[in-house]
Amino acid sequence: MMLLQPGFLASVPVQNALLIGAGAALLSGAAGVFTVLRSQSFAGHALADVSSAGGAMAYLLGISPLLGFFSLSVLGALALEVIGTRRAAERDLAAGIVLGAGMGGTALLLYLDVTVKGSAGAAVSVMFGSLFAAPPGLGVAVALGALAGLLGLGLIYRPLLLASLDSELAKADGVNTRLLGTAYLLLLALAVTLSAMAVGAILSTALLIGPAAAALRLAHSPAAAMGLAALLGLFCAWGGVWLAYQSYGWTPGHVWPVSFFITALVLAVYAVASLVRRG
Amino acid sequence: MTPALNVEGISVALGGREVLRDVGFSLAPGAFCGLIGANGSGKTTLLRTILGFTAPSAGRVTLGGAVGYVPQKLQLDPDMPIRARDFVELGLNGHRFGFPFPSRARRARVEELLSAVDAKTFADQRIGELSGGQQQRVLIAHALIREPKLLLLDEPLANLDLRAAAEIIALLKRVAAQGVAVLISAHDMNPLLRAMDRIVYLANGRAASGKTQDVVRTEVLSALYGYHIDVIRVHERILVVAGEHGAHGHEHVAAIP
Ligand SMILES: Nc1ncnc2c1ncn2[C@@H]1O[C@H](COP(=O)(O)OP(=O)(O)OP(=O)(O)O)[C@@H](O)[C@H]1O
Ligand SMILES: [Mg+2]
């Protein structure tokens, strides 16, 4: 049994997977810092669940999964804004409602995928990801999406930070907190979409929250936390792809799910960060 | 001289109840004004109306320039990784979009404000780790860095011990001396007595305002409360007490605000 598989970087699916993983991890890591600071993890998870309906829809219509996931998570973000912006306590409620509706839609669309399209693998792929089976052009699209998201995040960084510190104070300083909240949710929708491309809809919260929470334990400023979270996310994504590639040699003929390795590394990174902080 | 703040006959209703009725006063640049009233008398509501967060049902607010605001307490996680220094800097440019490139001029301005509020020794600590008095200083520096004409503070002395309160008052007095009108809410006027030259006294949804010695008088406050009030001076402290016809009808003496 070979422990190290040859030709890692020469493989085209691997290159594609590395590109998707990098884009997803960099944007989710950086954006996730604000998700944690604003206590919006549940909203992030709700967006991911809603986006899975888009993933299932993409199979049915034969369109790009990126487009499917993204259109539905944007719709989810707008629904969150419409339902629950009057009071902070309403946010979790809104997330729960949107999540339920989204998953209901996913159930129907996945059923149609199987009955109409005969794609039996759609459910696993949408929910848990299938990074090595991603369409060839997806890597570049995800990388471009991540770049756009990071630029947007940089543009709203200061007002977003102020609003995340104290929303009333931000308003007094002249920040349109309502508009900013919506802009951030849209960025979150993008981050969640890209992560769903890498590890599937259900697991995308791991890339969003894990590296960010770990970085916040270690960093001394929000900007440093964003940079560190992006790097930690990148380590998990690439490490996961590499381990999955190696797993072909452990159980010959079978590659273990990449998502398993990525999320396992996220957990490990968070655990180590917690130990370092305490120690 | 245009006033730093002009409040003309504003009424504010919240949840169907009129919280403020026909409140009017004006502050000249450099005024140091106490906004005094018991819990629930409408101090925060008045400040929020001046800030434009709450729309009055009648009347209007006119500002002479930028407004700095110091909330009672930051609602933040102690783990929030932001240093006091960076928080002050956000007062300068936190409302702006665009990439936060560092600038030497901005750093120097932040340094200036940090020394003005005596916050240099803890400028590099996380803001969530600071004591109440230290946090107040940082909040004041944040509010002052854009050179407002009016500084609004909501109960800045509420969680401070006597010494810290005296230091904050002295700091605010220096701010007023630079020409900034300072409006500071408190439920107890005594710590502010020496410092304030004006008072806005809220009770019953209405306000009495003017020079402190003209407002804090038995006749004026009795008219405001709608029942007999005694203003008693002991050892340079003022007690506003409801006499034997107080709220519960039996004989007692209680400080109202
Ligand atoms: N959102 C709201 N809806 C309905 N009523 C409100 C609302 N906010 C405040 N009130 C009422 O308005 C009145 C004034 O409240 P406000 O917070 O302005 O008082 P305050 O003087 O700041 O009190 P404190 O000293 O306790 O801070 C109170 O009776 C309060 O119950
Ligand atoms: Mg109040």
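From the backbone N, Cα and C atoms, a Cβ is placed for every residue, glycine too.
Here is what TrEMBL records for this protein:
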TRANSMEM  A:56-80  transmembrane segment
TRANSMEM  A:92-112  transmembrane segment
TRANSMEM  A:141-163  transmembrane segment
TRANSMEM  A:183-210  transmembrane segment
TRANSMEM  A:222-243  transmembrane segment
TRANSMEM  A:255-276  transmembrane segment
Spatial neighbours of the transmembrane segment (A:92-112) far in sequence, C-beta under 8 Å, 6+ residues away: 42-43, 45-47, 49-53, 55-57, 59-60, 72, 76, 79-80, 83-84, 122-123, 126
Top Cβ-contact partner of the transmembrane segment (A:255-276) among A:56-80, A:141-163, A:222-243 (pairs under 8 Å): A:222-243
Sequence-remote partners of the transmembrane segment (A:222-243) [C-beta within less than 8 Å, at least six residues beyond its ends]: 8, 14, 17-18, 21-22, 24-30, 32-33, 37, 131, 153, 157, 161, 198, 207, 210-212, 214-216, 256, 258-266, 269
